[in-house]
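Presented below is the structure to which this report refers.
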Amino acid sequence: MTAPSLSLRHAAPYSTVNSLGFPKPPAQTRVVVAMSGGVDSSVVAAMLAAQGYDVIGVTLQLYDHGAALAKKGACCAGQDIHDARRVAERIGFPHYVLDYENKFRESVIEEFADAYLAGATPVPCIRCNERVKFRDLLQTARELDADCMATGHYIRRLMGPKGAELHMAADPARDQSYFLFSTTQEQLDFLRFPLGGLASKAETRALAAQYGLAVADKPDSQDICFVPNGDYASVIEKLRPGAADPGEIVDMDGNVLGSHRGVIHYTIGQRRGLGIGGLGDPLYVVRLEPDTRRVVVGPKQALATKIVPVTEVNWLGDEPFEDEIAVTARIRSTRPPRPAILRVTGKHRAEIELLDPEEGVSPGQACVFYATEGSRVLGGGWISHRRGG
């Protein structure tokens, strides 16, 4: 893969800063745009090209075979690659497709399967951003002599007194900060998120129509590209044949209430589909025990969690990661941040004390930290287990 000519990139000093924060004209600023084939990243590419930037589009082929190929809304499947290429051709900038299937499988899919078998509920989209898009693709952007890489994520990169900061999107309904907590400071310095300040997705689609993009009305992509029809269990059984052993459904005292087909079919907080109806008060999955192949159920109040231990903490705050600090914390992508205390318990380890207990805290999910005032993302980590309160 050869980068386009650099002849415009070494000219006389520029007297102002362009919209991406560089002290040179847009024509001398090379931007690699990570294009999924959806409307968001397509608008980013078209917008930057319209502003005169030296745009290069790159699409990753992550998972493009079997059932996923036929799945509508699968990120970076065959149709999406075609759509990204059409946008590049219409606007007039180079576009490359990189085969990342092996890297994606090794870095994301294998861990996804192992996590479910261990009784966790993983978030593969975060791992994909962390291990593929913001690591390998970002390195490719550097090799193309890019000044920065832009994506279609709804999150903001704002300059603070000590450098670039990560902030929630202007549109709370579209905010993707939960999925980007593991972005490092070095990566943040190189990344740009042009859509983070838009008030709504309607604005994005209006821009797509304005630029004449065929994807203007394309439906939003699904979160997990390699899980056809949301059937996690069938994917895991294909990856790990025979690993999903049946077992017992028990109450919190160990009394057997029924049987199950494998812990991979259950998540913390699940109520429906347990097959143990007619027992009086509703029962919820409160714990998964893969070693004993038990699914433990209990009343709703047993889901209340106050202390949330987290590992692999990525810290983006200005002050050193030590002692304790008041934050707000989000324990699921669909939950708003809640007041909490963050306590450091070791290198890259911490615990969150929620001021009000939350239900549905699940190992394998992310816990993201925010400043108590404003919209700044301070970092986050992975929930290792749960403790009641």
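Every residue gets a Cβ built from N, Cα and C, even glycine.
Summarising the annotation, Swiss-Prot assigns active site, nucleophile to CYS128 and lists sequence analysis as the type of evidence. Around the Cβ of CYS128 (active site, nucleophile), a 10 Å sphere holds 25 further Cβ atoms from the protein chains shown.
If you look up Swiss-Prot, you'll see CYS225 marked as active site, cysteine persulfide intermediate.
Residues or ranges marked as ATP binding site in Swiss-Prot (evidence: sequence analysis): ALA34, MET35, SER36, GLY37, GLY38, VAL39, ASP40, SER41, LEU60, GLY152. The Cβ of ASP40 (ATP binding site) lies under 8 Å from the Cβ of GLY152, HIS153, TYR154, LEU195, THR204, each on the same chain and at least six residues away in sequence.
Following the DSSP three-state reduction, the secondary structure of CYS128 (active site, nucleophile) is helix. The disulfide bond annotation in Swiss-Prot covers CYS128-CYS225.
When other Cβ atoms within 10 Å of the Cβ of HIS153 (site 'Interaction with tRNA') are tallied across all protein chains shown, the result is 26. The annotation site 'Interaction with tRNA' is assigned in Swiss-Prot to HIS153 (among others).
Summarising the annotation, Swiss-Prot assigns site 'Interaction with tRNA' to GLN365 (among others). Taken residue by residue with DSSP, GLN365 (site 'Interaction with tRNA') is part of neither helix nor strand, so it is coil. Spatially close to GLN365 (site 'Interaction with tRNA') yet at least six residues away along the chain are THR121, PRO122, VAL123, ILE331, ARG332, TRP382, ILE383, judged by Cβ distances under 8 angstroms.
Calculated from their C-alpha atoms, the gap between CYS225 (active site, cysteine persulfide intermediate) and CYS128 (active site, nucleophile) amounts to 11 Å.
In this structure the alpha carbons, written CA, of ALA34 (ATP binding site) and CYS128 (active site, nucleophile) are 13 Å apart. For the ATP site, whose annotated binding residues are ALA34, MET35, SER36, GLY37, GLY38, VAL39, ASP40, SER41, LEU60, GLY152, the maximal Cα to Cα separation is 16 Å.
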